Structures are given as structure tokens and as C-alpha cells.
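Shown next, in C-alpha cells, is the structure this report addresses.
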Amino acid sequence: MAALDSSVTSRTQARADHFRSGLLFALASAFAFGCSGPFAKALMTAGWSPTAAVTARLAGGALAMAVFATVVRPGWVREARHHARTVVLYGIVPIAGAQLFYFNAVAHLSVGVALLLEYTAPLLVVGWLWATTRHRPSGMTLAGVVLAVGGITLVLGIIGPGGVAAAHINLAGVGWGLAAAVCAACYFLMSDKAGAMSDKEVADGRPPLHPITLAAAGLAFGAVTVAALGFSGLMPLAFTANDAVIAGFTTPWIVPVIALALIPTAIAYTLGIVGIARLRPRFASMVGLSEVMFAVLAAWMLLGEGMAAAQVIGGAIVLAGLALARQGDRGELVGETNVGETSVTPTALPQTTPVARGGPATIDP
């Protein structure tokens, strides 16, 4: 009996450590992603077009990740070829698609409304998993989603003295914004599924898709996609060699380009993929909402944009929503798990790192 209790305690501690590390990775990824706005804004203020900024971001990130992957995972190119379909889709949809759709939304809407539309992605993730797994989210999870999205409206200033009606609404922009939300939802779902292998892939002896490989190859395909759209004339493409201003300092244009390629791209995508692999995609998408708060903080630090009291309150509401959603996920898992079972992964939810891959099942406490 004592041995059984010790085994259960050990597994519980392992799950807790697994979740904590995943949460840290996801938060670090959200912070890194939040830095993209100030760096991109510095370039666009210097005369760059949005497509040019996205191209530089993805191309630079792809180059950095390719060098890093070659050093730490020499066979990543061969591994990417074995998972070509996943890599190509990942590069086109959640990487290139989300950014291009968002910038098109900004062309028709106010930035706040466009960003809010993109951040309806958690609702899409919850709805998709509900529809595909027939596993209804708990009331706490759904309440957490609503609360977090409501907090974002305060952070972005969508709800204020003028109300929502004061925001500029354009149907074309709404369409672009919702398309960006779909791509963002695909980011969470595809990152969660990336490590899973089918029985046929295991039988064929294919190597598992490592997060570093997915990030490096995905960024490369994303960069090629955006560059092709720009150089073909389908999207406006304009580069300049003008100096940029960051945190009140005038710097050469290459500084924000390098920062944009490394921090919110190469580093952010890698941390995000690793974090999502340790968390449920539904909760990971909730944590991703904290990117908005980090973006506001980065804008204050690098661009001198202050935070209003309503934004601080909104940030607190977002955190409350994340906590509520997390508690709901925890309750669902506890309700479906019997003490003493050898596996604690709910059968109704995807297992992101199966035993067939050679690693432990992805679980959280």
C-alpha cells in the first residue's frame, strides 16, 4: 500500500512539474510575441510596409532557427522532409497566414478591434475540441474564456466612454480579423498535434517531429509564402534604409530587424511549441491571451505608451479568466481519472506525445 501511495505521489509531482514548466514556456513565448508590435511599428514608422516587416521577421527568424537547429539537431532537414505536410501547413497557416490576415484587418479596422478579433482564437479552440472530441468543456472553462476575452476588451480600450459603437467597423476588416483568429487557433491545435505519430508512421520508422524542427522549417515556409506574395505584387512590399527609433534612441534599421527576427519569432515560436506540448491546447490558448498584456508593457517600455487604469483592471480580469479556465481544466481531468491507473491522460482529449514516439504522455495535474 505504501509503495502504491509513493507511486501515485511521484506521478502527481511529475505531472505538476510538467505543467509548471509548460506554463513558464508558454508565458515566456507570450512575452516574446508581445514584443513584435513595438519593433514592427518602429520599422513601419521608418517607411517599411507591413508585408516587408513580416517578410523580414519570418526570413530572419528562419535563418536564426536554421543555424540553431543545425547545431543542436543536425538531422532536422531530413526530419522535416518526413513530416513535409505538417511543416508546410504550419508555415502557411499559423505562421504566414495569421500575420498577413492581421495586417489586412488593421488596414480596414482600428488596431484594437483587429487584435480583439484575432484573440477570439481561444473560443475557436474550445469550440473545435468540443465538436471533435464530444467532450463538453466545464462551466468554469467556458466562464474563463468569456472573462478573459472581456478583460482584453478593457486592455485594448474597446469598451470605454464611447462604447463599442465608437469603434470603426468594416465588414471586410472583420472577415480578415476572423481569418487571423482561425490561423491563431490552428497554431495552438497544430502545435499540440505536432508530436503525435500515427501507427503507420511508427511502423515506417519515421523520426518524430521535434519542436525545433517544426519551428525552423515552419518559419522557412512561412517566409517563402509571404515573400512570394510580396514580390508577385499581390501584397505591397516596400523596404527602406531609414533609421528607426526604439525606446527614444535612433538606431540603424538592422537593429529592429534583428530583434524582430530573434525575440518574437525564432525564440517565441520555439518556446510556444514546447509550452503547448506540455499543456492542453485549450488552456495554452488561454495563456496566449497574456500576449496582449505583454504587448502593452512592451509598448510602454519601448515606445513610451502609457497604461490607463482601465488597462490595468483589464489585465487583472484576463489573469482571473486564465485561472478560472485552468481550474476548470483541472476539474475535468480529476473527474475523469481514477487513482492508481497507469495512464492519466483523458481519453476524450488528444495525447500530444504518445508512448509510440518514445516519450511520456503529455499530461497535466
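Quick reminder: no glycine exception, Cβ is built from N, Cα and C everywhere.
TrEMBL lists 21-40 (among others) with the feature transmembrane segment.
The predicted model assigns the domain 'EamA' (21-156) a mean pLDDT of 86. Taken from TrEMBL, the feature domain 'EamA' applies to 21-156 (among others).
As annotated by TrEMBL, transmembrane segment applies to 52-72 (among others).
Residues or ranges marked as transmembrane segment by TrEMBL: 84-103 (among others).
Residues or ranges marked as transmembrane segment in TrEMBL: 109-130 (among others). Through the fold, the transmembrane segment (109-130) approaches residues 98, 101-102, 136-137, 141-142, 145, 148-149, 152-153, 156-158, 167-170, 173-174, 176-178, 180-182, 184-185, 187-189, 281-282, 285-286, 288-289, 292, 349 of its own chain, all at least 6 residues removed from its boundaries and within a Cβ separation under 8 Å.
Long-range neighbours of the transmembrane segment (142-159) within the same chain, counting only residues 6 or more positions beyond its ends whose Cβ lies under 8 Å from a Cβ of the stretch, are 112-113, 115-116, 119-120, 122-123, 126, 167, 286, 289, 292-293, 296, 308, 310-311, 313-328. Annotation comment: TrEMBL describes 142-159 (among others) as transmembrane segment.
Summarising the annotation, TrEMBL assigns transmembrane segment to 165-190 (among others). Tertiary neighbourhood of the transmembrane segment (165-190): same-chain residues 86, 89-90, 93-95, 97-98, 101-102, 104-110, 112-114, 116-122, 124-125, 128, 158, 272, 276, 281, 284-285, 288, selected by CB-CB distance under 8 Å and a gap of 6+ residues from either end.
What TrEMBL lists as domain 'EamA' is 172-325 (among others).
Residues 51-52, 54-55, 58-59, 61-62, 65-66, 68-69, 72-73, 76-77, 79-80, 83, 86-88, 90-92, 94-96, 99-100, 191, 194-195, 265-266, 269-270, 273-274, 277 of the same chain, all 6+ positions outside the transmembrane segment (211-233), place their C-beta atoms under 8 angstroms from a C-beta of that stretch. The annotation transmembrane segment is assigned in TrEMBL to 211-233 (among others).
Feature annotation from TrEMBL assigns transmembrane segment to 253-276 (among others). Using a Cβ-Cβ cut-off under 8 Å and counting only residues 6 or more beyond its ends in the same chain, the transmembrane segment (253-276) has close neighbours at 22-30, 32-36, 39-40, 42-43, 46, 53, 56-65, 68, 95, 187-188, 191-192, 194, 211-212, 214-215, 218-219, 240-244, 246, 284, 287-288, 352.
The feature transmembrane segment is assigned by TrEMBL to 283-302 (among others). Sequence-distant neighbours of the transmembrane segment (283-302) (same chain, 6+ residues past either end, Cβ-Cβ under 8 Å): 22-23, 26-27, 29-31, 33-39, 42, 115, 119, 121-122, 125-126, 144-145, 148-149, 152, 155-156, 184-185, 188, 191-192, 246-247, 272, 275-276, 311, 315, 318-319, 321-322, 325-326, 329, 364.
Among the features that TrEMBL reports, transmembrane segment is placed at 308-325 (among others). Long-range contacts of the transmembrane segment (308-325) within the same chain: residues 140-141, 143-157, 160, 282-283, 286-287, 289-290, 292-293, 296, each at least 6 residues beyond the stretch ends and with a Cβ under 8 Å from a Cβ of the stretch.
Annotation source TrEMBL lists region 'Disordered' at 335-365.
Among the features that TrEMBL reports, compositional bias 'Polar residues' is placed at 339-354.
When the domain 'EamA' (21-156) is classified with DSSP, helix, strand and coil residues number 117 helix, 0 strand, 19 coil.
Using a Cβ-Cβ cut-off under 8 Å and counting only residues 6 or more beyond its ends in the same chain, the transmembrane segment (52-72) has close neighbours at 36, 40, 43-44, 95-96, 99-100, 103, 212-213, 215-216, 219-220, 222-223, 226-227, 230, 237-239, 257-258, 260-262, 264-266, 269-270.
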